[in-house]
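Taking it in order: structure first as structure tokens, then the write-up.
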Amino acid sequence: MNLKRSLPNILITGTPGVGKSTISKKLADRTKFTWRDVSKLAEEYNCLDEYDPEYQCPFLNEDKLLDIMEGMMAKGGNVVDYHGCEFFPERWFDGVFVIRTNNTTLYDRLAVRGYTGKKLDDNVQCEIFETILEEAQSSYKPEIVVQLQNETEEQLINNVQSIVDWIERWKEENI
């Protein structure tokens, strides 16, 4: 925890297709926090290296991205949205929310996005084996890692409200 921040920084993470960006956008709208979509930041600041033909996406230059994000994170009030979490500095985040969904829902969402073959299979397996949850639990203090199930519209609304409530509690305890 950084006592100099007047607002917390939140990480929304999980396998592609679980609803991270939807939750992050709704959360930013409700809280007036800044939504930091890491994929867009990486593109905007040229933090993408050569293309990975197997997964049909570029490699992320993590060091360059972290250097760029450092100043953005200092004052708090950020919702960071990314499918990985282990490379971010632990000190950046006050709350880490791992979004989960059942495999059938995830498969359907990824197929609609055009995921096929190995990329589709590996992402579904990532969710089955709780890869992102384990990354979060091994990278951050257990008391700041929260798992949220996100399959239905009702769960989406409840998840956003849960995080808003968490932010209010954080403010009461830290300001």
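From the backbone N, Cα and C atoms, a Cβ is placed for every residue, glycine too.
Annotated ATP binding site per TrEMBL: Gly17, Gly19, Lys20, Ser21, Thr22, Arg113, in sequence order. Taking all protein chains in view, 16 other C-beta atoms sit within 10 angstroms of the C-beta of Thr22 (ATP binding site).
Residues of the same chain lying 6 or more positions beyond the ends of the region 'NMPbind' (37-60) and with a Cβ under 8 Å from any Cβ of it are 21, 24, 68-69, 80-82, 118-119, 122. Taken from TrEMBL, the feature region 'NMPbind' covers 37-60.
If you look up TrEMBL, you'll see 112-122 marked as region 'LID'. Beyond its flanks by at least six residues, the region 'LID' (112-122) meets 16-17, 54-56 of its own chain at Cβ-Cβ distances under 8 Å.
On its own chain, Lys20 (ATP binding site) has Ile12, Thr13, Gly14, Asp81, Tyr82, His83, Ile99 as residues at least 6 apart in sequence with a Cβ closer than 8 Å to its own Cβ. Site extent for ATP: among the recorded binding residues Gly17, Gly19, Lys20, Ser21, Thr22, Arg113, the largest C-alpha separation is 15 Å. Each of the binding-site residues Gly19, Arg113 was scored by other CB atoms within 10 A of its CB, and the lowest score goes to Arg113.
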